[in-house]
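Colleague: Pasting the relevant annotations from TrEMBL:
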DOMAIN    33-174  domain 'SIS'
Amino acid sequence: MTDPQQTALTPEHMAIELASQPEVWARAAALTAEQSLMPAAGQKVAIVGCGTSWFMGQAYAELRERSGQGVTDAYAASEAFVDRDYDAIIALTRSGTTSEVLELVRAQRGSKRIIGIVGDVNSPFVDDVDDLVKLPFADEQSVVQTRFATTALTFLRASLGENLDTAIADAQAAVDAPLDEELLTAEQYTFLGRGWTVGLAHEAGLKMREASQSWTESYPAMEYRHGPIAIAAPGRVTWMFGEAPVGLAADVARTGARFETSSFDPLADLVRAQRVSLERARAKGLNADAPRNLTRSVILSE
Ligand SMILES: O=P(O)(O)OC[C@H]1O[C@](O)(CO)[C@@H](O)[C@@H]1O
């Protein structure tokens, strides 16, 4: 029987939003006035969000701290130690209605500078922050986030002084690249990252679960051989975002699993994982825009 939740939305917003990423990233990378709202170098920063937004925060935290701009910690909004001596909190939310994010910013307002990054500029969140970066051109109709998350991270990378031209060109190549049958039909996927790409690995795993109900796992790459490699087997995929640690590809090959990686900017490689999620949803007859048990914004009551 067809699940009404799975057929409620047409057309396929995820497909359209996913394919628009190169163009939308370019817009975000050009927001120089908004970049100046971000915390100054040397400031101690916490970035918070839920689900996808938390994982983008993890990527940013690593990039900012590693670039020498100051201590930067990423937290799930529900588990955030923001009472520490942070100079600023960055709250990342597409909807601006996610309950844990709203609770956190309302509790912290007045004690620390709060910078919001939001997709829905009509949400209540916009009045709860001190400074606001608006990304309405990246907002989405699909419940499953693709371009808002990656566009926010593109904006954050640009704010750290990164040139995103290669990432944007790679994203277009990732949108256009053929995906082979073996990659689309694997039994299981483990996503790995190092440094800032650990957040991308967690996001790829979440995307695949949300959109296509697939079995996925995700880890920092150096943790993988401390147990999780036991899952690797023929017909399964181990997917590394960015440069792999020495010996990892050979260790995975010995298990019979496919070792997947690319020379694309890792954020562009995430676009390929989004496409695999979409194709697997299609193959299972699922509407990727409307995942089982998930809403566009998760609003929890006490
Ligand atoms: O960015 P927002 O709107 O706070 O929402 C985050 C939510 O988005 C999702 O990607 C889809 O609902 C979930 O990961 C998460 O609960």
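Heads up, the Cβ atoms here are built off N, Cα and C, so glycines get one too.
TrEMBL entries are annotated by machine, without manual review.
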Colleague: Just to be sure I understand, if DSSP states are collapsed into helix, strand and coil, how many residues of the domain 'SIS' (33-174) fall in each?
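Modeller: Looking at the domain 'SIS' (33-174) with DSSP, the answer is 61 helix, 28 strand, 53 coil.
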Colleague: Suppose you look only at the domain 'SIS' (33-174); what would the mean pLDDT be?
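Modeller: That stretch averages a pLDDT of 97.
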